[in-house]
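Asker: Before I ask anything, here is the structure I am working with.
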Amino acid sequence: MEWFELEWFSFVVVGLGTMFLLGEFLVRAKGIFFLLGLGLITTYFLQYLDPSMFVIMGIVYVGGIILIFVDGEYLNDGTLAAIGGVLMIVSVGMSSPNFTVGTYAVLGLLLGAVASLVWLKILPKRQLWDKIALNDRMTDDRGYSSINPTFKALIGKRGIAATDLRPVGRIEIDENEFSAITNGHYIEKGTPIVIKQVDGTRILVDEITEE
């Protein structure tokens, strides 16, 4: 392709591909963003890699996206998301034919990741984003009490850890799930917990110990 003879074109292809792929996880795009993003990234890899390396780098790139999704959906501590981001950077950087193209590709990936947040202003958000951002938070400067009345009623309630809390995770109270955090310690999934404190949408929990 003649366009790929322009070194800066990798910036455009990888940037748009990343923007669409990550956007698919943030908003309800009905799979359209996934197909567009996958097509662009596949084109980038096919242009510069032989078939054997195409499969390897494709797996690394997609694996990075999966780690980001798993972190946002289940862990919410940023560890897997950071690893996923590194994998994506490595895959596009090592797939380039020279340093300049690789630099443009990595910059495109980073800018595309940031630009994907624009979709949150345009299309309906997925539940995944609510788990990450907790964007229902009510604060004093907006005219609300710093404690959400609904969450305030949870103080003293008992339930179980729906996921591992590391220290952030999900808890289940009366068959409803909430994001929660411990006071810095680890609580295993399935452990009985009690809600100790609520600040806005920040729910502080502690493990129930047998007396």
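Even glycines carry a Cβ here, placed using N, Cα and C.
Annotated domain 'NfeD-like C-terminal' per TrEMBL: 152-206, in sequence order. What TrEMBL lists as transmembrane segment is 6-22, 29-46, 52-70, 77-95, 101-120.
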Asker: Could you tell me what the rest of the chain brings near the transmembrane segment (101-120), counting residues at least six beyond its ends with Cβ under 8 Å?
Answerer: 7-20, 22-23, 26-27, 29, 33, 44, 48, 85, 88-89, 92-95, 129
Asker: Mind checking which residues of the chain, 6+ beyond the ends of the transmembrane segment (29-46), have their Cβ under 8 Å from one of its Cβ atoms?
Answerer: 10, 13-14, 16-23, 54, 57-58, 61, 92, 95, 105, 119, 123
Asker: Can you work out which residues elsewhere in the same chain, 6+ from the ends of the transmembrane segment (6-22), have a Cβ less than 8 Å from its Cβ atoms?
Answerer: 33-34, 36-41, 43-44, 65, 68, 88, 92, 96, 98, 100-102, 104-109, 111-113, 115-116
Asker: With DSSP, how much of the domain 'NfeD-like C-terminal' (152-206) is helix, how much strand and how much coil, in residues?
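Answerer: When I sort the residues of the domain 'NfeD-like C-terminal' (152-206) into the three classes, I find 1 helix, 32 strand, 22 coil.
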Asker: Looking only at the domain 'NfeD-like C-terminal' (152-206), what is the mean pLDDT?
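Answerer: PLDDT averaged over the stretch: 90.
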